[in-house]
Structures are given as structure tokens and as C-alpha cells.
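> My questions will all concern the structure given below.
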């Protein structure tokens, strides 16, 4: 894939990516080259590709546990999923992207970086995609949609107690209050704002952290009881 020129690697990158720093630097060049050429990154973003995009995404790794299965919905150029996979090789990342051209970019990028990352083309809200991806511990996203829509797309992927961790902006706390009722009706509870990367990013990354409520005994994930599924009605 086409590589572009990027600013000098910030010192924080070596701390975040460790022995995968060279792969992170390669990803930065891919974003600056093919990413711009394919329309996935604006040309003006190249100068801040590290702080605004790569380190910003990788900071999310502070919230992950070893071995967790993480889905990045609406992955686009691979943000936040690819930096997250580079920073945290002990988790498994799946990138979900509905557009063909973008999913091709993701597959080529993952191959060039040598990452064990799964790319699934499809819409997060489609049942077929959920069946292919399977149950996740975490669902994340970045600049994809409003919090109510993200909840509707994210919760069906999550195991009971799993977390949705979308990267949000300065209005995150306001957005939680605006959509809390809808989120809770969809099964996302205990929503709060957390911040990551404070040691090397200014401002730090703002993330909404919400947990999938455990299903009540006797209910499946759609909310229907086993008894109601088997009921045939009176004759």
C-alpha cells in the first residue's frame, strides 16, 4: 500500500507500543499515504496523525483486560481497532465495516502489519454480522454515531456484563444524560465518562463506559422467556 510522510514519532509511542513500535510507525505511513488517497483520512490530519488518531485510539487499551474479545464497529481506517491491537497484543480485535472499499483497505493494512485481527464486512445492526462475529467482551467505536444509536448497535454483540466503550468528545457527559433512558431500555446501564491517556495526551481521550445488564433468569438475549417461546396459544 502507498506510504506517506508523517511527523517524527513522539516519545510516548515507544511506551504505548513497545516492541510493536515499528508496526505502529508503518501504520502511520499507511494512513498518510493510502489512507489519504482512499479518502479515509483528510490531508490536513496527517500532521497530527499520532496524537489525534493513533495514540488517541491506543489509549483505549488502558480499559481492556487480557484475553478480551473486542469489536470495533464502523472501523473506517481502522480507528480505534488497529492501534488498539498494536498496543494490546493480548486481546483479540474484530473490525466491522459496512463499505467494501474500506473493508478492503482494512484487510490489506492488517496483512501488511502482520496483525492477528479479523475484518468483517457488514452493518453492525445486521443479525448476520452479529452471528458471524459472535459474543464480545467489549464493543468500541470512534466518531460513528450518537450514543443512542451506538447502544442499539453495540449491546447485541455483548455478553452479559460486557462493556461498550465508544470514544466521544467534550459533550460525552451531556450525551449520556440525553440518552440514558434509551440506553437503559436497550440494556446498557451504569454509563459514565472515563478518560484515558492522561500521561501522554492533552487533553486525554474521553470514553463512555457502559455495561450490558445481565439477562433475567429464564430470558434469552432478546428478552423473551423460554415459556413464551414455546407457547402455541389456546385452541
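Every residue gets a Cβ built from N, Cα and C, even glycine.
I grabbed these lines from Swiss-Prot:
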type	residues	note
BINDING	74, 79, 124, 125, 142	S-adenosyl-L-methionine binding site
COMPBIAS	213-235	compositional bias 'Basic residues'
REGION	211-235	region 'Disordered'
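Thinking about packing and proximity, how do these listed features fit into the structure?
For the recorded site, residue 79 (S-adenosyl-L-methionine binding site), the DSSP three-state label reads coil. Around residue 79 (S-adenosyl-L-methionine binding site), taking its Cβ as the centre, 27 other Cβ atoms fall within 10 Å, counting all chains.
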> Sequence gap of 6 or more, Cβ distance under 8 Å: name the residues on the same chain that satisfy this around residue 124 (S-adenosyl-L-methionine binding site), in order along the sequence.
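Listed in sequence order, they are 73, 74, 96, 98, 130, 153, 154, 157.
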> For the S-adenosyl-L-methionine site made of 74, 79, 124, 125, 142, how many Å separate the two farthest Cα atoms?
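So the binding residues stretch over 19 Å, Cα to Cα.
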> Helix, strand or coil at residue 125 (S-adenosyl-L-methionine binding site), per DSSP?
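Note: residue 125 (S-adenosyl-L-methionine binding site) is coil by DSSP, not helix or strand.
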